[in-house]
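> Supplied in structure tokens, the structure appears directly below.
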Amino acid sequence: MTLHNNSTTSPLFPNISSSWIHSPSDAGLPPGTDTHFGSYNVSRAAGNFSSPDGTTDDPLGGHTVWQVVFIAFLTGILALVTIIGNILVIVSFKVNKQLKTVNNYFLLSLACADLIIGVISMNLFTTYIIMNRWALGNLACDLWLAIDYVASNASVMNLLVISFDRYFSITRPLTYRAKRTTKRAGVMIGLAWVISFVLWAPAILFWQYFVGKRTVPPGECFIQFLSEPTITFGTAIAAFYMPVTIMTILYWRIYKETEKRTKELAGLQASGTEAETENFVHPTGSSRSCSSYELQQQSMKRSNRRKYGRCHFWFTTKSWKPSSEQMDQDHSSSDSWNNNDAAASLENSASSDEEDIGSETRAIYSIVLKLPGHSTILNSTKLPSSDNLQVPEEELGMVDLERKADKLQAQKSVDDGGSFPKSFSKLPIQLESAVDTAKTSDVNSSVGKSTATLPLSFKEATLAKRFALKTRSQITKRKRMSLVKEKKAAQTLSAILLAFIITWTPYNIMVLVNTFCDSCIPKTFWNLGYWLCYINSTVNPVCYALCNKTFRTTFKMLLLCQCGKKKRRKQQYQQRQSVIFHKRAPEQAL
């Protein structure tokens, strides 16, 4: 904020015209008569006298006792609420791990600046108003002004950082989110404070040494180099009008981008419903299935294998490692594979926090099918017709034998709507007699025999369809949750910006008016406008609580001293989960 001073007739705002200070003697009134100084009653009772420098020695600054009580009570309450509110923010960040997000680090920095204003600036300014003069000396004056301006400018810089962070998080999720770490946030916060300190502290503390003398009169406290209204207005432009303009533009862009993502999410949900009703057809026109003609043909050629793997469905974003199942050397070398490409494809579609929703993200699942002697990943394959399916009944029987071993487990995973585990336990089945039969059987099958393979393909397609629908719903849910989080962060930002604009605008408007008319604004209005800037530090914690449920519940927990209870409940919950895990572990091993 910009404390405006350019004259010597007023202790706080020296630029105010002397026409607002009416002396009783000038008006022809007796010395005991009460008059008005701005909106304050100034008593000229006996015992009040002026010192040689023109300042009064009255400790009440010419105010009545009731006026002093009212001012002290009101400003004291505001300072106390500011201190408690911002301490709650800092402690909440410390005790609640859910609040330790990158965005909340910026709010923590803002709370620290507001706490400094509540502890130091508000109380010293109240003393200045009540006494109507500065009685703490030049060094204390310069230190107060330096701390006040650095903390206030740091608040503005933190708001700018929050606005840019929200803007880049919304508009550049792929590139910015990868760089958005707590370390980088700490660097940005440090830069905000360093810039604020460099801009104000040296000039406030050492300007009198730069120019060779101190021009601030005794009993007054203001920044020496802000002695001209034009300079004061220039600092107001740089410290308020320009940041507000930038933050408003950024918030408008954030709002438009959020609306765009909301529409795209609605389109994704609609496409999911359409795909479900149209037999799960990919937007490009290709149908998704977990079986293919090429896979069936290759399975026929490998019917002489000694051991057969089961049909596995994989849904993971990590590299798949082959099982330790013993295989022939030639098949081990030819069938080994890595699904990094599949994982990357799935990751691109599943990580809703890291990308925009586009047409390329409609391919929402990849299914890995491991059949006898073959491991591959299938994408955009068409369901084979009955004419093209030629699989020996012997091989079909061997596959069916092993499918029965996992029928209950796989069926339960699909029917219950649960996701498939990352890996199924390997249950190799020795089928020596079946293999001998397969060696002597004829590879070619008639069309009538090929129809027997249709139930297998349709079963696989049904499992794939259910699995893919579950995957689509999970991805859509993640995108929806991400959008909700972005909206909440935008709401918090909007509340903070609105409070900042409302509380800082009146004072800066008066600075603008004073540039053209230095006698148009009473001293009382200057005091109120300057105090209103301080009230912004009081309102900010309220904005956090209103817009963030986690902050709200943590505030309530701290105010009601429920930290110990919550910790005990958390420990009890963890103990129960540990018992459940140990009970389930032996069952899963069977």
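Note: Cβ is positioned from N, Cα and C throughout, glycine not excepted.
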> Going by what Swiss-Prot says, which of N41, N153, N379 is noted as N-linked glycosylation site?
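The residue tagged N-linked glycosylation site by Swiss-Prot is N41.
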> When the topology given in Swiss-Prot is taken at face value, are L60 and L559 found on one and the same side of the membrane?
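The record shows them split across the membrane, with topological domain names that differ.
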> For C221, what is the disulfide-bonded cysteine listed in Swiss-Prot, choosing from C141, C311?
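Its disulfide partner, as Swiss-Prot records it, is C141.
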> Consult Swiss-Prot and report which candidate among C517, C533 shares a disulfide bond with C520.
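Between C520 and the options C517, C533, Swiss-Prot records the bond with C517.
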> According to Swiss-Prot, which residue among N48, N444 is annotated as N-linked glycosylation site?
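With Swiss-Prot as the source, N-linked glycosylation site is noted for N48.
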> Report the mean pLDDT of the predicted model across the topological domain 'Cytoplasmic' (165-184), rounded to a whole number.
88
> How big is the Cα-to-Cα gap, in Å, between C141 (disulfide bond) and C520 (disulfide bond)?
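That separation, Cα to Cα, works out to 27 Å.
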> Please indicate, using numbers and ranges, the residues of the same chain that are 6 or more beyond the transmembrane segment (492-514) and have a C-beta under 8 Å from a C-beta there.
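Apart from its flanks, the transmembrane segment (492-514) reaches 1-2, 4, 15, 107, 110, 155-156, 159, 162-163, 166, 229, 232-233, 236, 240-241, 244, 247-248, 251, 254, 520-521, 525-526, 528-530, 532-533, 535-536, 539-540, 543-544, 546-548.
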> By Cβ count within 10 Å, point out the most packed of the disulfide-bonded residues listed: C141, C221, C517, C520.
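Answer by Cβ density within 10 Å: C221.
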> Suppose I define contact as three or more CB-CB distances under 8 A, residues 6 or more apart in sequence; do the transmembrane segment (105-130) and the transmembrane segment (185-206) meet it?
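Output yes: the transmembrane segment (105-130) sits against the transmembrane segment (185-206).
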> Using Cβ distances below 8 Å and needing 3 or more such pairs, separated by at least 6 in sequence, tell me whether the transmembrane segment (185-206) contacts the transmembrane segment (143-164).
yes
> How big is the gap, in Å, between the Cα of C221 (disulfide bond) and that of C517 (disulfide bond), rounded to a whole number?
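One finds 22 Å between the Cα atoms of these residues.
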> Near the topological domain 'Cytoplasmic' (92-104), which residues from the same chain, at least 6 beyond its ends, have a CB less than 8 A from one of its CBs?
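Distant Cβ neighbours of the topological domain 'Cytoplasmic' (92-104) are 162, 165-166, 180-182, 185, 489, 550-551, 554-555, 558, 563.
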